[in-house]
Amino acid sequence: MTDTGRSPDTNRSWRLDRRPDSDPADGNLRLHREGLPEIADGEILVRNVYLSIDPTHRIWMSDIDQYMDPVELGDVMRGGTIGVVEQTRSSRLSVGDIVTGQGGWQDYCALSARMVRKIELASGLPLTAYMGPLGNIGATAYFGLLEIGKPRPGETVVVSAAAGAVGSLVGQIAKLMGCHVVGIAGSDEKCAWLTDDLGFDASVNYKSGSIYDTLEAACPNGIDVYFDNVGGEILDTALTLINLNARIATCGLISTYNDLEQGGQGPKMYRNVLMKRATIRGFIVSDFLRRYPEAFAAIRHWLRIGALQYRVDVREGLEHAPDVLKLLFSGRHDGKLIVKISEEP
Ligand SMILES: NC(=O)c1ccc[n+]([C@@H]2O[C@H](COP(=O)([O-])OP(=O)(O)OC[C@H]3O[C@@H](n4cnc5c(N)ncnc54)[C@H](OP(=O)(O)O)[C@@H]3O)[C@@H](O)[C@H]2O)c1
């Protein structure tokens, strides 16, 4: 049996061994063991505490043209982390500081001190919140909805993967903007959470019955903003119901990520973009990096007054990370998926 546990003088890292053909499968990633990384001037040694597990990891595993370089075969799998500084050769950061950055799927990482953000734990929120509403997830929901969706009070906003990390925030922010909000999710339990706990006006279980009929019934005035997290058939259905001058924020296409090499299929109802003079705009959250403080100030305020709720789903053990990634594609998780690698300081 392979020893998969942590030890303080060893760095375990998941490296990309084989590119997936479709779904992420056993053997795409391999667990390696080596000594701790050495740090150079300007760098810090970070013990990773939390690893963010994101749908985009599947994109990075594919050798396709994308918004950043794919992970090379043999390289440590890229991933966002929160960790604690254990050694420093930079005047910017001290031992014990908590930082977030791209620490990868591993126990320890050497990072440039310029490439991380120090987390100030003043707000009393748990550390995991900085991987959810106060991290990329929150910024994605905030800028994607407000800058691209541009919702106005009274308009109908539809969001897919609505019970997920991004989607659940999008719907709640749209409610704060005075919109009629409809969430699409993959189970009755998730749908009930959206309406009963988060205050969505309606929800649609896309795995039960005709999604067109239920979505049409939930949107009696049509759709003004569609925040797309999934692409595919759900995008097509939303396009069928859009209003004049609708805005479609293309945030993610998770229903196609296991089929990227084949190119997938374009939307059949693309013609409605013309007929309805709609705008479709894709975005990557880092496009808004300089404006993150604006998003976090607003989100922190909404959290403080109880206007925003979020869920994190923390799974223990770096050794389980590939199995945790698979959960994103089955939907068998509740909220922002995170792997806990080591204890919080
Ligand atoms: N543009 C950006 O900068 C940016 C940044 C972050 C995330 N994203 C994108 O935002 C989307 C959501 O990411 P997240 O981190 O918040 O993940 P998440 O929503 O917490 O988890 C993914 C969810 O997608 C749903 N899903 C999976 N396969 C599906 C399919 N074939 N059809 C329909 N729904 C499916 C599942 O929910 P159900 O149980 O409801 O099916 C699953 O729980 C992803 O597409 C991601 O790539 C984009």
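Placed from the backbone N, Cα and C atoms, the Cβ positions cover glycine too.
Bear in mind that TrEMBL entries carry predicted annotations, made automatically and left uncurated.
Database features (TrEMBL):
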type     : residues : note
COMPBIAS : 1-11     : compositional bias 'Polar residues'
REGION   : 1-29     : region 'Disordered'
COMPBIAS : 12-22    : compositional bias 'Basic and acidic residues'
DOMAIN   : 27-339   : domain 'Enoyl reductase (ER)'
*Report the DSSP secondary-structure composition of the region 'Disordered' (1-29) as helix, strand and coil residue counts.*
0 helix, 7 strand, 22 coil
*Where else in the chain does the compositional bias 'Basic and acidic residues' (12-22) make close Cβ contacts, counting only residues six or more beyond its ends and a cut-off under 8 Å?*
4, 6, 28-34, 58, 61-63, 71-77, 104-107, 258-259, 261, 318-319, 321-322
